[in-house]
Amino acid sequence: MKDLNALNTHELRAFFDSFDHVLCDVHGVLWNVLETIPGAAAAVASLQNLGKTFIVVSNNTTATLDDYHHDFTSKGFPIKRENIVTPIQTTISYLKKQNFSKEVFVLGTHPLKKSLRDAGFRIAERGPLEIKETFHALAAASTEDDGSVGAVVADIDLNVNYVNLQKAVTFLKRPEVIFIRGTGDARFGVGLDRVVMGPGVFHAIVEECSGREPVSVAKPAPFANEFIVEKYKIGDASRVLFIGDSIPSDMGFATKFGYKKLLVLSGLTKEGALEDWKFPEEYRPDYFVDSLKSVHDLIGRI
Amino acid sequence: MRDLSSLSKVELEEFFSSFDRVLSDVDGVLWLFLESIPGTPDGIKAFKKLGKKVVFVSNNCTKTIEVYHGQLKKAGFDIEPDEIITPALAMISYLKKINFTKEIYVIGMSAIRKELQQAGFKLAETGPDQIKETLQDFAANTIITNESVGCVVADADINLNYIKLQRAATFLKDPAVIFITGATDRKLPIGLNHILVGPGYFHRILEDISGRKPYALAKPSSHLNEYIVERLKIEDKARVLFIGDSISEDMAFATTAGYKKLLVLSGLAKKEAVLDWKFPEEFKPDFYVDSLKTVHDLVEKHFGAC
């Protein structure tokens, strides 16, 4: 593991010549909860000026591609619309590959549903927000299945409720119904210091009650990588640089798929974790750096 | 484990003389969720004819005792309101014992709320059925401080959603807030073909995220039995017969309590479960029977009309 800041000019040139594509995580790399990371936008521009294809890989399903792209550009990041990968894109890709034409039952956000509709898919009707307080009513609202639903997509749904979880289970009783899992952490952070239950806890209920295992389409699932390799025509994984702030998640993902690894210390991971390495040996990044600002400065040196 | 219908008259006499009191589960024994089980009111009548005191013990808090009583009477069961016990009553008893005066955040439906309110407890506001799809709105509705909340009661709520559940988890971060659970079924079979997601899954989420174990007041928890023993003044547990259809819930409960056990096969447990026993040895019932109707038929056959 080398500190990028400690490389001499010759070594830096060799480093920047060693990859053509950059796959970049968002949180902790480009911005944090409350603010963008100083110098990160400049680094994106510099890397693109060096001829690198800069691709953002995020598990954010709370915005359509257009809105997310707008979010980046309004914050000063010159990221191209076609270089943003989220579970929304991978879900659509998966369904298209199955030549899917039935209805999709979605436990997910409005942007996810809108994106699916724009891609030509029909969205199944959701169960009611409130039902009469009897198990009869629950059964009536959630156990009917006329066969029109051909896929269940489980992602983050802040309004998920009992009825809709039960509907998902009902549809999944038919083994031909596709089961896709998008963004689904068991916990997530809100604001600076609160950890709340994540969508993953609800996905677990659907999986257990239905007995079905979903196809995961969010990072770090294999399908997410398949999507990236196919879309960006990546022939040689060793010529891809993966930049992230999480060792288990980002470095793990990059290790699994053979990418070069750059760990930034501007997010989840701090320097101490490097000295006191608690993770699998193979997750060790090739390089680490304090933040993308340094990457920009170092490019200026070569 | 013996099939009650295989007993001789002498053995049946011995069986019926071995207990004075019957505690019977409701769902799966007296009726099914959405339909009746033929002949079960006669089964209860048979026990009463033989002089046994009968009390129903159910984990179902989705009906008030009053409503439960009305439904049971209508279905032909001759029972008084004070002969029905649910976790709601045990919760009220427990909270009164510890002189609880703060607010209770309830994951539960109108029935359990009504029972708690009628017992004099104040209930905290629950969350909305829908929020704007933003993390800000989510945080505003779930990460709230309410010093008045001193207890979270997690029972079954058909209208449970992410917001209401996370709100409970937020309250449970304070170790001083009491954590009580009611029915913890994972799966609820209804009719022939459907299994509903049970409240137990949501309780598990609360346990996982809070790192806390609840004070459980539904079968098979022994705390429910503490309430039953006190309320019914049970002195000799060996002279109590517990009837249920669930091995993991009813037989487990009765085993811990030291009661005699009769497993009926009219609900959750089927004959296969008995023949190919996959549960702890000690949960094995003394006897099993097809349904309460068979109990009636046996009593009528050997001891005359009920």
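For all residues, glycine too, the Cβ spot is worked out from N, Cα and C.
All protein chains considered, the CB of A:Asp25 (active site, nucleophile) has 24 other CB atoms within 10 Å. In this structure, A:Asp25 (active site, nucleophile) belongs to neither helix nor strand by DSSP; it is coil. Per TrEMBL, active site, nucleophile is recorded for A:Asp25.
Look at TrEMBL and you will find A:Asp25, A:Asp245 tagged as Mg(2+) binding site.
Taken from TrEMBL, the feature substrate binding site covers A:Ser58, A:Asn59, A:Asn60, A:Lys219. Within 10 Å of the C-beta atom of A:Asn60 (substrate binding site) sit 19 other C-beta atoms, taking all shown protein chains into account.
Sitting within 8 Å of the Cβ centre of A:Ser58, A:Asn59, A:Asn60, A:Lys219, and not among those site residues for substrate, are the Cβ atoms of A:Asp25, A:Val26, A:Val57, A:Thr61, A:Val85, A:Thr86, A:Pro87, A:Thr183, A:Ala218. For the pair A:Asp245 (Mg(2+) binding site) and A:Asn60 (substrate binding site), the Cα-Cα distance reads 16 Å. The binding-site residues in question are A:Ser58, A:Asn59, and the one with the fewest Cβ neighbours inside 10 Å is A:Ser58. Distance noted between the C-alpha atoms of A:Ser58 (substrate binding site) and A:Asp25 (active site, nucleophile) is 6 Å.
Cα of A:Asp25 (active site, nucleophile) to Cα of A:Asn59 (substrate binding site): a distance of 9 Å. Those residues noted as binding substrate (A:Ser58, A:Asn59, A:Asn60, A:Lys219) have their most widely separated CA atoms at a distance of 10 Å.
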